[in-house]
Amino acid sequence: MMPESPYFFAGKGRKSEALKSLQFLRGQSAEGVHDEMAEIQANVEEAMASKGTVMDLFKNAGNRRALFICAGLISFQQLSGINVVLFNSQSIFASANTGLDPAIATIIIGCVQVGSSALTPLVADRLGRKVMLLTSSSVMSIGLAALGAFFYMQLVKGDISSVVWMPVPALIIYNIVYCTGFGPLPWAVLGEMFPANIKSVASSVVASTCWTLGFLVTFFYPSLDALGSYYAFWLFAVCMVVAFFFVLFVVMETKGLSLQQIQDRLNGKRN
């Protein structure tokens, strides 16, 4: 079982558990992580000495950049159209004439999501968050464009015989890359970027951004659907193309970095 982070234990004053957690994460002996543990303890004590506020998110350049990255990632998570895709999954299976009961098919999608999510911690630590997010956004854009093309053929052309095979693979692949990328990783990056005294404030701001955008996407979708559901899928596909370049040029890789190293890079310092 994955332990809590060393920073969590250090912030609670549970130093021995913090040391064990760091040993587990680094795969080293107590002596091997001694210096890093001392650095973590010093950083936590310094951070906890002053309680962070919302204004602290904007006073410090590193915190501003971290907030921009995290809010951007969580925004693109909602702009991937995941709620709309799941809402339409039954109709997609029904239109594809798979022979499966659409209700059973959506259960299969749920199983695919669970299985994909279980792989994320293993793959993300090997490949890095940035690679996973780039892969997720690019493949989702293709899947969304394919779903948009399917609904366009169905609603405008009236003939889906040439593309009847397309929506189910597109839907499954979309869900796999969402659950291994833009589903969990924005929250993982959020947990890695902020010092202990400001993390809860930053999490509240980012979570509020997430649920506000989720509401807006769900609220305005019926208007787009009235024009043609393919417009919505193509719009989400464009958002994922933008997300790809956002990750490529704005998001920093956090794999294998300590909080201090991440903070230094956010503030423009090089280790």
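Each Cβ is built from the backbone N, Cα and C atoms, and glycine gets one as well.
For reference, TrEMBL has these:
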DOMAIN    1-255  domain 'Major facilitator superfamily (MFS) profile'
TRANSMEM  66-87  transmembrane segment
TRANSMEM  103-124  transmembrane segment
TRANSMEM  131-152  transmembrane segment
TRANSMEM  164-189  transmembrane segment
TRANSMEM  201-224  transmembrane segment
TRANSMEM  230-251  transmembrane segment
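Contacts between the transmembrane segment (131-152) and the transmembrane segment (230-251): present, as 3 or more C-beta pairs lie under 8 angstroms, all at sequence separation of six or more. Taking the domain 'Major facilitator superfamily (MFS) profile' (1-255) as a whole, pLDDT averages 86 in the prediction. Sequence-distant contacts of the transmembrane segment (164-189) (same chain, at least 6 residues past either end, Cβ-Cβ under 8 Å): 69-70, 73-74, 76-77, 80, 82, 85, 89, 92-93, 95-98, 109, 112-113, 116-117, 119-120, 123-124, 129, 132-133, 135-137, 139-140, 142-144, 146-147, 149-150, 243, 251, 254.
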